[in-house]
Amino acid sequence: MQVMRTFNQPPTSSHPTPTLNDSDTCITLYNHRGYARVLMPLFYCIVFFVGLLGNALAFHIIRPNVKKINSTTLYSANLVISDILFTLSLPLRIIYYALGFHWPLGETLCKIVGLIFYINTYAGVNFMTCLSVDRFIAVVLPLRFARFRKVSNVRYICVGVWLLVLMQTLPLLSMPMTNEEPDGFITCMEYPNFEPVPNISYILIGAVFLGYGVPVVTILVCYSILCCKLRLAAKANQLTDKSGRSQKAIGVICCVSLVFVVCFSPYHIDLLQYMIRKLIYTPDCAELTAFQISLHFTVCLMNLNSCLDPFIYFFACKGYKTKVLKILKRQVSVSFSSAARTLPEGLSRDISDGNKIHLNSTRHKE
């Protein structure tokens, strides 16, 4: 009952002027809650529905190909699973933002949601990195490192990725995740809650290096060399150049790289610059407030990646695109049939005949 009362009546707060209530506590960190409690839940609702539907569709298409699985499909399947698990952690975060950065569900549940959130975010980063290395080996070094593309070895690599991410994120369970603010709001998974942790600046700089620095360099290097190789192959083979296949592949590579950089760079650069400043001097309340607001924006941008991946699959994979269009055509056909059953008999027959004529004419064109 107490939890329900807290859900229904979150604490109210005024917006004080930028100041400190004592030498250590900044009271202006959440002054933006007035518009954040509207915009952030709206944004995350879109990410949740688009991400869940898109990735569920991707998993539905990948799953029947398990018998013909290869290294790329296996990495893609793990990436899809990480995106689905990530989106499933969003509803409680949506409630948290809708209540104006108030978490009434306790420390334990906050830690569980936080752990799921970070595990699947960085699992996704690592599987995108694996995909870039896999493509690099397939095109640039197909014979020398072919063993790394064997399905039996790739399975071990996937298990290793999950274990690595788990080891990187499990320390979160030993850190404080919630904090009661002076205005009565209880925050969850916010940066200021981690400030009391000893050497937090060094920990986060190391996390940025391992979780973002190594993957982004690997992805950009692999895809840059891959693009050069494809250009050279296109120049050497006039048929390939005329068909435009190389240009399409290069376009997809650039798109994947751009999405990764745009989604993940702002958050990690923002975190890195503040931690470096924190090592040099003690930022004041105004700087901490600006950093906190920027974190909320850059985290939104980072989380957008989970619902962009299915669109990349659509344009990058011919088989995926074909199957999606088949499913959509099937749904349209079912909708026509349902509509016809609800109409008078004569009109229903006219629609059915018209639909058959359309399908037959389409088949003749093909």
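These residue numbers are counts, starting from 1, taken along the chain as shown.
Placed from the backbone N, Cα and C atoms, the Cβ positions cover glycine too.
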According to Swiss-Prot, which candidate among C110, C254, C255, C263 shares a disulfide with C188?
C110
N-linked glycosylation site: annotated position in Swiss-Prot, out of N21, N360:
N21
On the same side of the membrane, R37 and T108, at least as Swiss-Prot annotates them?
yes
Examine the transmembrane segment (112-133) against the transmembrane segment (38-63) and state whether at least 3 Cβ pairs sit under 8 A, considering only residue pairs 6 or more apart.
no
Sort the residues of the topological domain 'Extracellular' (175-199) into helix, strand and coil with DSSP and give the three counts.
4 helix, 6 strand, 15 coil
Taking 38-63, 156-174, 200-222, 249-272 as candidates, which has the most Cβ pairs under 8 Å with the transmembrane segment (293-317)?
249-272
Across all the protein chains here, work out how many other Cβ atoms are within 10 Å of the Cβ of C110 (disulfide bond).
21
